[in-house]
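Only one structure is covered here, and it is reproduced in the block below.
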Amino acid sequence: MKKQVKWLTSVSMSVGIALGAALPVWASPDTSVNNKLNFSTDTVYQIVTDRFVDGNSANNPTGAAFSSDHSNLKLYFGGDWQGITNKINDGYLTGMGITALWISQPVENITAVINYSGVNNTAYHGYWPRDFKKTNAAFGSFTDFSNLIAAAHSHNIKVVMDFAPNHTNPASSTDPSFAENGALYNNGTLLGKYSNDTAGLFHHNGGTDFSTTESGIYKNLYDLADINQNNNTIDSYLKESIQLWLNLGVDGIRFDAVKHMPQGWQKSYVSSIYSSANPVFTFGEWFLGPDEMTQDNINFANQSGMHLLDFAFAQEIREVFRDKSETMTDLNSVISSTGSSYNYINNMVTFIDNHDMDRFQQAGASTRPTEQALAVTLTSRGVPAIYYGTEQYMTGNGDPNNRGMMTGFDTNKTAYKVIKALAPLRKSNPALAYGSTTQRWVNSDVYVYERKFGSNVALVAVNRSSTTAYPISGALTALPNGTYTDVLGGLLNGNSITVNGGTVSNFTLAAGGTAVWQYTTTESSPIIGNVGPTMGKPGNTITIDGRGFGTTKNKVTFGTTAVTGANIVSWEDTEIKVKVPNVAAGNTAVTVTNAAGTTSAAFNNFNVLTADQVTVRFKVNNATTALGQNVYLTGNVAELGNWTAANAIGPMYNQVEASYPTWYFDVSVPANTALQFKFIKVNGSTVTWEGGNNHTFTSPSSGVATVTVDWQN
């Protein structure tokens, strides 16, 4: 059921009066290709590498693994990194305003061809890995990958790599000869296989039925060999592997299947990335169906240190524009409720289709819904991601039909032009990157919303009806007095508007009409737009983006602790790099005070970590519970809730890796730290504390560990 929490907050954005032409990319630090920790100003283009362009036929697989005529969509088609590089260099992507590419997982996958139900299948998609320290030869060599990174950066494009540490490749619990038996290699040396797994590299709990979060984490996803992250060999191997790719210049990581890995391990994992020499933006895939929102999903987005693909937004956009099963009022409700639920809404990655969904464009249908959905996504909060071929109106329902070969590169398609007009606006107007959202006019077919950041504003109007024009009257706005031209130049039947005294003069929004009007100005007072990453230990360098910081260094305050001098690494009007001070761990507010002594509003919920993080599995035996009770964990550090029931860790699990009345949970805790902890039983507002003395355990200096105790009455 959709949450209906209302939120009407002022939004800040920066843009000049629109003239209907594409706006130049601002050369400010926050919008730079070098800003690897904030993607709010970017427009991402998702590519299934094998399905984009074959730039080097010499690396194509041979024999049964390759479909030269593209007739079997489960086989390789030949797309590679050279092909992507070619499309960067020929201007197709830059011409569309794309500033980040999200490519298929680049690591070595199995080469076996697997027959499922009479159809040959391959690892063309990149999700059947076997060696995270080598490249997929069908995509190219390390040299090819480095060339792709270099070409992208030279064209002001970031590169995000897909990464799937949840699993290796298909395996059978009864047939070791099936495929490659889940084999995992370390730069060519076999670490182990799913069968005869004496090292405990994998979970052996059968396949998940998706009935519980626990089942999804500790059981196999379909027939994929599920990696056991609570294993020191695995933990160190995966950390080494991601550093290899970061050292090659990757700018961001999209984690596959985050719903199916322990949140505690993932928090410790991304914290190691943020503490490395090459910290980058991270986001993960937690699939949600239409009208679905779960507390586990919200908790992950708010507490893991990683951001998420915004499935709630995507599903609603599809229902409103593609399927017409919901209204613009419903869309406004989702914008409001997600803005209230997610602490870091501007970091959620928005989209309208991807490799796991039916293509947005339907065969034989009007293209206007696709164009309007793109316009809304590009002007809404979050980081917009466009699936390859959507701008060419590619169609296809379900896997693999939604992963066809790129059909063409026509720059005259209306959808391409919509992206071309609006993507640069995210760079030039901070209202789109950082601003909040206010509904200005809404009915079942029309949505008028405003983004605002300081005095920067963008106003967007969309009419999804293909037959009815609507008179718009009484719409309020923060736009200054004046006449504003549609940024889209009438491409989607938009019009100009006049603003007087905070009200838009009455106008008619055409059937199928979409318009964007905007205003930009400089800010004299500091306004924080984003902080990246959103968690870090003392000593880590974080990036603060926004406007009005000035060019003279002053101070950044964490809670009540001011940071000045050399601990401010750099200070520019739109971006500050600062070291996290030695303050109490936990969520804290961050403010910026400029040289004039003006202090910004706070960026809340920056999560200060106690120290470097490791993963510990906490297990408690004989914790019997009454109906409605669950077991939670709390202890003496912020990562364990600081002895408060409200911040306790859990609810713990008791079905897969251990069985009731034993409960367990994998938790990210500070390394090499003397921990004290207890378990509590919770039923609503009723909390029952464990008796006896505090349990004690010293966490390891690195890796993972397990501590097992008995419940104390």
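Here the Cβ of each residue, glycine as well, is placed from N, Cα and C on the backbone.
Note that the structure is predicted; figures quoted are calculated from it, not measured.
As given in Swiss-Prot:
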type	residues	note
REGION	28-165	region 'A1'
BINDING	Asp54, Asn56, Asn59, Asn60, Gly78, Asp80	Ca(2+) 1 binding site
REGION	166-229	region 'B'
BINDING	Asn166, Ile217, Asp226, His260	Ca(2+) 2 binding site
REGION	230-434	region 'A2'
ACT_SITE	Glu285	active site, proton donor
SITE	Asp356	site 'Transition state stabilizer'
REGION	435-522	region 'C'
REGION	523-609	region 'D'
DOMAIN	526-606	domain 'IPT/TIG'
REGION	610-713	region 'E'
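Positions of the features from Swiss-Prot, shown on the structure.
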{"residue": "Asp54", "record": "Ca(2+) 1 binding site", "Cβ within 10 Å": "19"}
{"residue": "Asn56", "record": "Ca(2+) 1 binding site", "Cβ within 10 Å": "18"}
{"residue": "Asn60", "record": "Ca(2+) 1 binding site", "Cβ within 10 Å": "18"}
{"residue": "Gly78", "record": "Ca(2+) 1 binding site", "Cβ within 10 Å": "24"}
{"residue": "Asp80", "record": "Ca(2+) 1 binding site", "Cβ within 10 Å": "28"}
{"residue": "Asn166", "record": "Ca(2+) 2 binding site", "Cβ within 10 Å": "25"}
{"residue": "Ile217", "record": "Ca(2+) 2 binding site", "Cβ within 10 Å": "25"}
{"residue": "Asp226", "record": "Ca(2+) 2 binding site", "Cβ within 10 Å": "29"}
{"residue": "Glu285", "record": "active site, proton donor", "Cβ within 10 Å": "20"}
{"residue": "Asp356", "record": "site 'Transition state stabilizer'", "Cβ within 10 Å": "13"}
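In this structure, the C-alpha atom of Asn56 (Ca(2+) 1 binding site) lies 31 angstrom from that of the residue listed as 'active site, proton donor'.
Long-range C-beta contacts of His260 (Ca(2+) 2 binding site), restricted to its own chain and to partners at least six residues apart, with a cutoff below 8 Å, comprise Asn166, Thr208, Gly216, Ile217, Leu221, Asp226.
Secondary structure of the region 'A1' (28-165) per DSSP (helix as H, G, I; strand as E, B; remaining residues coil): 38 helix, 32 strand, 68 coil.
Here the region 'D' (523-609) returns a mean pLDDT of 98 for the predicted model.
Classification of Asp226 (Ca(2+) 2 binding site) by DSSP places it within a strand. Below 8 A, the CB atoms of the region 'A1' (28-165) and the region 'E' (610-713) form no more than two pairs separated by six or more positions in the chain, fewer than 3 in all. The Cβ centroid of Asp54, Asn56, Asn59, Asn60, Gly78, Asp80 marks the Ca(2+) 1 site; residues of that chain outside this set whose Cβ lies within 8 Å of it are Gly55, Ser57, Ala58, Gly79, Gln82, Gly83, Ala138, Gly140, given in sequence order. Sequence-distant contacts (6 or more apart, same chain, Cβ under 8 Å) of Asn59 (Ca(2+) 1 binding site) comprise Asp80, Ala137, Ala138, Phe139, Gly140. Cα of Glu285 (active site, proton donor) to Cα of Asp356 (site 'Transition state stabilizer'): a distance of 11 Å. When the region 'C' (435-522) is classified with DSSP, helix, strand and coil residues number 0 helix, 45 strand, 43 coil. Listed in chain order, the residues near the Ca(2+) 2 site other than Asn166, Ile217, Asp226, His260 are His167, His203, Thr208, Gly216, Tyr218, Lys219, Asn220, Leu221, Ile227, Ala257, Met261, each with its Cβ within 8 Å of the site Cβ centroid. It is 23 Å from the Cα atom of Asp356 (site 'Transition state stabilizer') to that of Asp54 (Ca(2+) 1 binding site).
Sorting the region 'D' (523-609) by DSSP state (H, G, I as helix; E, B as strand; all else coil) yields 3 helix, 46 strand, 38 coil.
With DSSP classes pooled into helix, strand and coil, the tally for the region 'E' (610-713) is 6 helix, 50 strand, 48 coil.
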